[in-house]
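Quick one: structure below, then a few questions.
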Amino acid sequence: MEIKRLPALSDNYIFLLHDANNNTAAVVDPAVAEPVLNCLDQLGAKLIAIFNTHHHADHVGGNKKLMEQFPDLCVYGSKEDQGRIPGQQVFLEEGDTVEFAGKTGKVYFVPGHTRGHIAYYFPPNENEEIGDLFCGDTIFAGGCGRLFEGTPAQMVESIGKLRNLPDHTRIWCAHEYTLNNLKFAVTVDKDNSDLQIRYQDVIKARKNEEATVPSLLGEEKKTNPFLRWDQPALQMITGMNDPARVFGKIRGMKDNF
């Protein structure tokens with residue numbers, strides 16, 4: 001399974017999954033249709049599936065046009081998003097699976113950013129070392145999504161599930177927010193040397209107009225404050241120990257950053 005990162009809108013990423021064996025494709029969170037259609041034209045591939053993580057317009061905006069072009073495709077999304085995702089045909093819950101390119105993806109229910117958010121995890125095959133997590137707006141490189149419909153406690157539980165995946169998991173998040181996320185992170189985790197190194201690397205990458213997605217989960221565990229609610233440095237700066245309260249305090253600080 002080849003993964004193509006397609007920039008869209010001002011800072012979105014759409015991910016096109018390509019099965020070279022039968023020249024079919026699936027797409028994760030098509031904000032708009034045009035980049036997907038252009039990529040499919042270049043590949044000569046047929047789109048057979050849309051995997052939506054949540055209902056926000058910048059994740060489902062391309063669904064309708066893609067369905068018009070490929071009327072046989074199947075649209076997957078959360079059971080909790082019924083009626084909110086255009087063209088949705090499959091309603092997924094925690095523990096469900098999806099199939100593509102000979103791989104089985106596991107569905108995680110990860111409410112917080114929205115009440116129905118899900119993530120798709122494709123573990124490595126026997127001859128692979130790295131798995132792939134499509135997490136929408138739950139985890140960002142260096143950050144996490146705002147809590148529009150959920151609570152800090154929900155988000156801690158959701159991110160906690162994803163945090164337990166193998167360190168060598170690629171995090172395919174849906175936005176290029178990394179530089180701003182790390183600019184905030186260094187203010188709350190000041191003595192984190194891994195974070196300082198990553199911040200400087202991202203500054204250089206963005207100056208060169210390089211993408212910073214995907215990242216690796218192991219790197220996020222070391223440097224992303226929203227995966228580090230149980231670390232003394234974050235507990236100290238918030239003056240709290242309870243995971244949801246630590247997380248909520250840091251999220252509030254980021255919202256006002």
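Every residue gets a Cβ built from N, Cα and C, even glycine.
Just so it is clear, the model here is predicted, and its values are computed rather than measured.
Below are the features I grabbed from Swiss-Prot:
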BINDING   His54, His56, His113, Asp137  Zn(2+) 1 binding site
BINDING   Asp58, His59, Asp137, His175  Zn(2+) 2 binding site
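Quick one: how deep are these features, and who are their neighbours?
Taking a C-beta cut-off of under 8 Å and a sequence gap of six or more, His113 (Zn(2+) 1 binding site) has these contacts in its own chain: His54, Gly136, Asp137, Thr138, Cys144, Gly145, Arg146, Leu147, Phe148, Glu149, Gly150, Met155.
Of all Cβ atoms in the shown protein chains, 20 besides its own fall within 10 Å of the Cβ of His175 (Zn(2+) 2 binding site).
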So for His54 (Zn(2+) 1 binding site), how many other CB atoms are inside 10 Å of its CB?
29
Determine the most Cβ-crowded residue among the binding-site residues Asp58, Asp137, using a 10 Å radius around each Cβ and all protein chains in the structure.
Asp137
Under a three-state reading of DSSP, tell me whether His175 (Zn(2+) 2 binding site) is helix, strand or coil.
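Reduced to three states, the DSSP call for His175 (Zn(2+) 2 binding site) is strand.
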How many Å separate the Cα atoms of His175 (Zn(2+) 2 binding site) and His56 (Zn(2+) 1 binding site)?
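It is 13 Å, counting Cα to Cα.
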His56 (Zn(2+) 1 binding site) has how many other Cβ neighbours within 10 Å of its own Cβ?
22
